[in-house]
């Protein structure tokens, strides 16, 4: 009876010890989660307080990284080449080879910049806009076309670009593989999204751009442009998280706050690693204590 009593008593002490250690480890887990969450929350709030999102009008697009509004957001809040201007409650972007265009919408999840031509002549934009040296490319697939300047009107099978034509000259867009009519001379051969059609809106159709961030392409392909969400590609963006409602990790990797934020994250990682090591060490000690101090074999003798 005494042996059985001693066995039961020791088992009870082991259970109590395990319960205490388990409670300590659970407390450590909660502390680690609280530390990580609080640090990330404070980091995000600190960045957003320095780079607040702005709009040029109530219904205008949100302006945030990588874009920034000149005169309303600090320089570190956006990348070079992504400067926007608020003019008469309208969001504008300026291209040196063409001039200002109206920003209709910015879709951050699929990286699409939808533009409007204030002159309502999108093919003049196609003809003159040179995107080399900018972070932008056309959003749609391009096809080679030739702009023709003709002294006489062509057959009705060709659609005349009315906004570029006059009484004595007629402008057309034709595929580069077609022969050039005798009454025409080529103005420019250029890859553009669409040929001219009188049935399509002449101020916006095809005028969509996408962008890339220098030095971040490989990073985004590996971990995605959304926090905790990988990205399949520029066409699909983030399938489960909408960046307009979330926080982009690109924010953390931009601006003058880069080194400070990275140092904070490195400290969090170091503390977390140390606490996990302590947790594993304590767990091993409990197992070794249970194996080495088990008196069942001695009591049975």
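The backbone N, Cα and C atoms fix where each Cβ goes, and this holds for glycine too.
Straight from TrEMBL, the features:
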TRANSMEM  20-47  transmembrane segment
DOMAIN    51-115  domain 'Wall-associated receptor kinase galacturonan-binding'
TRANSMEM  257-278  transmembrane segment
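Mean model confidence for the domain 'Wall-associated receptor kinase galacturonan-binding' (51-115) is a pLDDT of 94.
In terms of DSSP secondary structure, the domain 'Wall-associated receptor kinase galacturonan-binding' (51-115) contains 3 helix, 28 strand, 34 coil.
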